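Copied from Swiss-Prot, the annotated features are:
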- Asp491, Asp497: Mg(2+) binding site (BINDING)
- 558-617: domain 'KH' (DOMAIN)
- 627-695: domain 'S1 motif' (DOMAIN)
Amino acid sequence: MFNKVVKEFQWGQHKVRLETGEVARQASGAVIVDVEDTVVLATVVGAKSAKPGQDFFPLTVDYLEKTYSAGKIPGGFFRREGRPSEHETLTSRLIDRPLRPLFPEGFYNEVQVVIHVLSVNPEIPADIPALIGASAALAVSGLPFNGPVGAARVAYIDNAYVLNPTRDQIKASSLDLVVAGTERAVLMVESEADQLSEDVMLGAVVFGHEQMQIAIDAIHELVRDGGKPEWDWQPAPKNEALIARVTELAQNDLLAAYQLRDKQARSAKLKEVYAATSAKLEEDALAAGTVAADKATVGNILFDIEAKIVRSQILNGEPRIDGRDTRTVRPIEIRTGVLPRTHGSALFTRGETQALVVATLGTKGDEQIIDALEGEYRERFMLHYNMPPFATGETGRVGSPKRREIGHGRLAKRALVKCLPSADEFGYSIRVVSEITESNGSSSMASVCGGCLALMDAGVPMKAHVAGIAMGLILEGNKFAVLTDILGDEDHLGDMDFKVAGTEQGVTALQMDIKIQGITKEIMQVALAQAKEGRMHILGKMTSAVSGANTQLSEFAPRMITIKINPEKIRDVIGKGGSVIRALTEETGTTIDISDDGVVTIASTSSDGMAEAKKRIEQITAEIEVGQVYEGTVLKLLDFGAIVNLLPGKDGLLHISEIVNERVKDINDYLKEGQQVKVKVIQTDEKGRVRLSAKALLNEAAAAAQSDTPPQQ
């Protein structure tokens, strides 16, 4: 019934099992990957034909985590998984990026890759098994795919690279890098680092590429024994006559368009060329009595002509689209404190790319609580990236963030997080929001620069300035050119897009997407060195504008004080059902967080409110001591004495015999409910009962007065 094929191999410190032929047999391809009890099912379905008029490759990748994989039941009313989490979205992008370039040009059939996480070992992240599974599923499916792809995670611990580290090892590492590629080439890198050198980063990429070969070999074996027949797909033959005619009609005008340095003017000119070319082809068809070529086909030909123009100009040493040489960074303008009532803000402009970045400080209660498969944890630092359509002069949908925005936000967060002060040094939670107001390439790196400046404006004591730069590459045969600070058009027309962020000391984030095979270690070395040169230039501009973090927080930012209480007293501060702490926060206008070890953090924009909250918490948690004198309030009168409140929640008995020295016939002659009375604690017992005395203070006062009286002559 089943044609089950299994391949097993040892990969670093883990044993890996690939399996196909038993589960999801109606999919084009399906593979189960098991890495030390982290199990994923990767499936691929490809449409047998492209939709009419399709002019792009419709690939979708969905990585889905099932809560049952960790032995949990989902929260919420419906008790089932809902919209994808940020982690699922980021992992979907991570898998998509190395797979997409390996489908052949002209293949427009819809392809859907779905990965289900079925079982989770908390120590083994599921993203690498998912990427290996997706690659293997595509390989066994028979779809036209120039894979397989391998992947590896690399850590850097004690000056040594570690392959596919556990979660505990990742926490101890100064590097978390994921690399994916084929047998011959690296295709994708995603990383976060603690100010490491370019040599260490490149070494990690090379190490990961070498170590992934065993996974690629295992996929080849799986295909050999359990793969489906290869699809009989051939790209549509090129219409050489149409290509020649479009080139004749448009090439000179496209050349003229790329002499325009302004993006808006250039875009307008390109639209004119596209429209005029289509109109002329329709006239040709009408005159010949034939059907004109569809606009998608014409558009693809025009795009190819554009690419040839731009690429040849750069490789021949001519100026780039905006007139720069290959190493020059666009003009930079920096302004901080641009918004009056925010905690920190910066406007970072680089050429036609601009980011308005805002930093907000909060308390521990503002931290993001994430319920992940491996367990719940809190995020103290959040960074959100938004790019509305007006940033590129277009109209479009405005709403929840798209995958691209989530990915760019995470990259900027990775770049900054290692340079933040620790929670012990700076107890605030931090949210940074980057609003892209103009975009022409490298908006995520503008978010890094603007984010660092906004944090410093907010008074966050950053370890160092952090800057980011986007680089490009054009490669033809043995000739190549590395481009510093790429434009949007150069990104689309180039062969590699990689972004490097870091400080003067080293790299904090590296993201690389390579669209072709054949990029060597030497080319990457040149690219990283040129990126460092550009980063240092930007850091110089940033340091000149803002030398360091503000020493004063914004008047609108919360202030914090911390006190330590006995952990056994936490329940007294919280009260039944939270009644005490709720009343405290409402009456003092503060936010109060209490950790399990008894550290109380009080935050407010009002210093008076913080002082009052601190005083009341100290009163609630204070211990009644024998011999101490208190100013108490009479709560209740009894026949034999009075109940006096000394501290919040702490009362004592003032016996009728301890009010005054003479005999008291009627307690009402001496005390009234609500009266303030000074009393001394004379006894406590093991049950917590407290006995008070007022006459003891009277006797002490009388004795003191007598000792001050001069002797009789």
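In case you wondered, yes, glycine gets a Cβ from its N, Cα and C as well.
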Local backbone state of Asp497 (Mg(2+) binding site), from DSSP in three classes: strand
Stretch-averaged pLDDT - the domain 'S1 motif' (627-695): 86
DSSP three-state assignment for Asp491 (Mg(2+) binding site): helix
